[in-house]
Amino acid sequence: MDLVRRSLLLSASERYASLVILFLSTAALARLLTPEQFGVYAVVGAITTVISVSTQEFGGANYIIQKTALADIHVRTAFTITLALSVAMGLALWLAAGALGSAFGVTGVADGVRIAALGFAATPFATIASALLRRELMFGALSIGNLAGNVCNAATSITLALKGHGFLAPIWGQVAGAAAQAICLVTARNALGLFKPSLAGRGDVIHFGLISSGVALINLAYATAPNFFLARMGFDAVGLYSRAMTITQLFDKLVIQALGPVVLPAFASQSRAGAELGPLYLRALSLLAALQWPFLLSVALLAEPIITLWLGPSWLGAAPLVRLLCLGSLALFGACLTYPVLVATGHVRDALTCSLISLPPSLAALYAASFFSVDEVAATCLLTLPFQAAVALHFVGRRLGLRLRDIAAALRESAVVAACCGVAAAAGAAAIRAGWFGPALGLAFSGALIAAAGLAGLAATHHPLLSALKAAAEDRRALRRPAAPVSH
């Protein structure tokens, strides 16, 4: 088994374990918190997430991964910059908590922002340790650290919610999870000397960080904007939209977040070795589309039973939003590859340009829709997400020498697989609506139909995903197989 495939398998195993934790904790919190409380938590989380990710990127997490010749002094400088930014941002957030609480007019928001600001203390340590582990493809240690953080987050959130702490419960959970993750990752890396302050070579780190953080900040501002725009309608609307996004993004948590830690190091490694990235990119597009399209179509068609079983009937108002968001997200089949490919080819500035072209018009559309209803906000994705995908494919295609016909050819078989799964999901949804099955049994029946249809589509088209799945199964068996005894 090659190192990249092993890394993918370890990363995927961690993400799937984390998804189980997410599923259980979300189900529990959905029954302990009201949509309004979820809405307040979503707004506080949006504020802190935008700031946190921008400090991570500016400080140089991806700089460490893509640096061709990385020395300890580069790591120490990246850590110092990340530490300084985290302290400054955390302090600013703490001081601004009162004003933010007054702006939203909800009791407890100020306390929530102050609690969230505490999490910035762990950010520089987790960011640098994680980047080093990713660069070295040490995904076993990274997986343990991430799992520890997720378990601590879920346990703290549910415990405090049971004690009646409302929307503050998941905020405390995030802080506790961040601390646990940082401790595990730093311990795994076992190189405390890398966390000594230094500013040597800071110009290189800052130059890369300015562009990288600009990309992250613009993308996150767009992703979190609905939470702020919808707040004028009330936090119920924010809560429904937030839960709809959680369901829509299940594919990201199942697949993209498993691939994410590996994609940039893998592309950067191939680029340093002088390999052609075009064929690798097209194969990745084909595999991703064959997974993403069937998943999103199935979730869109089965939104009601999924919500009833997972979140409870009180959240069924999110079903129309889920359908709209899933359909719009079909365009994002290659979104997770754009930034890694542009960075690996030495064109990180293109990633910023791409975001500056596609996201401001998308943000304007979101803002305009927020004056009408939450459904209109969700519906904007039917226009904005295909537009964003077209811009991204243009930039990547230009750098890799790919034409539209190359991309279309790579996606042909995936479209057939998606159509097969969509028909199966529609049949399952019809059976549930007809009253033949309840939500749980109906979803199990639908899942079996979708799996059978998907495998039939893969076999009929000789899709490369079929061989990839067989290889993954063999790799998993190889990991479980005991090592052969050493002969003397």
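For all residues, glycine too, the Cβ spot is worked out from N, Cα and C.
The feature transmembrane segment, as given by TrEMBL for the ranges 136-154, 250-268, sits at 250-268. Spatially, the transmembrane segment (377-396) is not adjacent to the transmembrane segment (416-434); fewer than three Cβ-Cβ distances between them are under 8 Å for residues at least 6 apart in sequence.
Packing against the transmembrane segment (416-434) from elsewhere in the chain are residues 289-290, 293-294, 297-298, 301-302, 304-305, 442-443, 445-447, 449-450, 452-454, 456-458, 460-461, 463, 465: each is 6 or more residues past its ends and has a CB under 8 Å from a CB in it.
With a cut-off of 8 Å between Cβ atoms, the residues of this chain six or more beyond the transmembrane segment (16-34) that come close are 41, 146-147, 150-151, 153-154, 157-158, 161-162, 166-167, 169-170, 239, 243, 246, 250, 253-254, 258, 310-312, 315. Counted over residue pairs separated by six or more positions, the transmembrane segment (280-303) shares fewer than 3 Cβ pairs under 8 angstroms with the transmembrane segment (112-133), which leaves the two as not touching.
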